[in-house]
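S.K.: The structure is given below, and queries will be raised subsequently.
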Amino acid sequence: MFAERVLSGMRPTGRLHLGHYHGVLKNWVKLQAEYPCLFFVADWHALTTDYDNPKGIENSVWDMVVDWLAAGVDPSQATIFIQSRVPEHAELHLLMSMMTPLGWLERVPTYKDQQEKLASKDLSTYGFLGYPLLMSADILIYRADKVPVGEDQLPHVEFTRELARRFNHMYGREPGFEEKAKEAIKKLGSKRARLYEEFRTRFQQNGDDEGLALGKALLEEAQSLSHGDRERLYGYLEGGGKMILVEPGALLTEASRMPGLDGQKMSKSYGNTIFLREEAEPLAKKIRTMQTDPARVRRTDAGDPERCPVWQFHVLYSDETTRNWVTQGCKSAGIGCLECKQPVIEAVLKEQEAMRERAQPYLDDPSLVRSIVADGCDKARKLAQETMREVRDAMGLSYS
Ligand code: SF4
């Protein structure tokens with residue numbers, strides 16, 4: 001049950017651009033080959049800041065999922081779903097809101113930052129304050145132990161870990177826990193039971209982390225245990241109560257180095273983007289008219305690639321030989337800027353061509369996308385329901 005699992009989501013903001021591709025999607029494509037992955041459209045998150053303008057959300061969702069597929073996210077490897085189609089996220093959010101101290105939410109670093117950044121919007125709402133809690137519910141409901149985040153989002157993962165700890169501490173102490181755990185040990189079989197006791201003693205008496213790791217590995221392998229017993233034994237191993245929610249770990253991802261056409265961060269609000277699946281001619285035109293080193297006013301002026309946004313594209317798209325050609329040609333005024341941009345245009349077009357090809361079947365038949373998402377929602381919902389049964393049980397809401 002506590003198998004490795006990656007969870008990551010994206011707000012539906014419509015068509016994606018190269019910044020999303022290099023910052024997030026390329027990493028998703030890599031992760032899907034390494035772990036079971038759940039990728040979701042965070043449509044409720046979009047409403048925390050755009051509650052007054054929900055009209056575009058639906059179209060944005062489908063455009064975005066087509067971009068994911070175009071970028072190489074593979075539904076046979078990863079589960080793709082929409083947050084609001086799995087209402088258990090909202091239930092866990094609500095139940096956790098009962099035990100989340102208000103101060104914890106107010107102290108989340110992005111709370112004040114975002115309010116200041118989006119000063120034109122009225123974000124003094126309950127939904128916006130609770131947004132980190134919703135994010136925690138998204139993670140905890142799948143017992144996802146790997147959350148890809150940039151450094152700036154680490155506090156969110158830590159917040160989620162604290163919440164899981166608080167929840168387990170508060171509700172994981174079921175009556176007769178110790179007796180139930182001992183009964184569960186017997187179900188491991190005599191050899192495994194003996195090893196489990198040995199690993200538990202090593203960890204609890206000597207603080208031996210290897211003992212803890214071995215105990216966890218043993219539980220992962222023990223197929224015959226029910227979910228409830230497995231949770232008890234995880235908790236008993238660590239010396240706590242029943243572990244209901246799993247503390248996630250962060251998978252630190254490098255910040256995207258993809259600059260916009262003007263050298264600033266690529267962002268729709270700066271109007272400096274290249275969209276995924278953009279038509280060849282406008283795309284080439286955008287790169288041809290990109291800013292360059294301001295010192296190169298005339299063709300005969302020498303330039304410095306480090307002061308030129310085009311160079312950042314070469315760093316991402318060109319091989320060493322091309323990069324040497326650029327450096328020498330720019331510094332000696334041996335090449336012109338249009339000449340310098342040509343390999344970038346070709347490389348981006350090539351990348352886009354593969355994306356357009358992958359997207360075409362979904363554009364021809366949008367029902368394919370609907371059915372991928374419907375399947376993903378079913379799979380995600382089953383996992384979420386499994387957790388919610390334990391959560392309801394622990395909070396006295398199972399009514400069985
Ligand atoms: S030659 Fe290339 S790197 Fe140099 S200023 Fe022109 S576009 Fe930029």
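Easy rule for this one: first residue shown is 1, then count along the chain.
Backbone N, Cα and C atoms are what each Cβ position is placed from, and that goes for glycine too.
Features from TrEMBL:
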{"type": "BINDING", "residues": "ARG11, PRO12, THR13, GLY19, HIS20, GLY150, GLU151, ASP152, LYS265, MET266, SER267, LYS268, SER269", "note": "ATP binding site"}
{"type": "MOTIF", "residues": "12-20", "note": "motif ''HIGH' region'"}
{"type": "BINDING", "residues": "ASP138", "note": "L-tryptophan binding site"}
{"type": "MOTIF", "residues": "265-269", "note": "motif ''KMSKS' region'"}
S.K.: Highest CB neighbour count within 10 A among the binding-site residues ASP138, GLU151?
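M.R.: When each Cβ's neighbours within 10 Å are tallied, ASP138 leads.
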S.K.: Counting by DSSP secondary structure, give me helix, strand and coil numbers for the motif ''HIGH' region' (12-20).
M.R.: 3 helix, 1 strand, 5 coil
S.K.: Below 8 Å Cβ to Cβ and six or more residues apart, same chain only. Which residues does that give for LYS265 (ATP binding site)?
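M.R.: Long-range Cβ contacts: GLY19, PRO259.
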S.K.: If you measure ARG11 (ATP binding site) to ASP138 (L-tryptophan binding site) at Cα, how many Å is it?
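M.R.: The separation of the Cα atoms works out to 13 Å.
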S.K.: Could you tell me the C-alpha distance between SER269 (ATP binding site) and the residue listed as 'L-tryptophan binding site' in angstrom, no decimals?
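M.R.: Between the Cα atoms of SER269 (ATP binding site) and the residue listed as 'L-tryptophan binding site', the distance comes to 27 Å.
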S.K.: HIS20 (ATP binding site) has how many other Cβ neighbours within 10 Å of its own Cβ?
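M.R.: Cβ-Cβ neighbours of HIS20 (ATP binding site) within 10 Å number 23.
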S.K.: State the three-class DSSP label for SER267 (ATP binding site), counting H, G and I as helix, E and B as strand, and everything else as coil.
M.R.: coil
S.K.: Report, as a single number, how many Cβ atoms besides its own are within 10 Å of the Cβ of ARG11 (ATP binding site).
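M.R.: For ARG11 (ATP binding site), the 10 Å Cβ neighbour count is 19.
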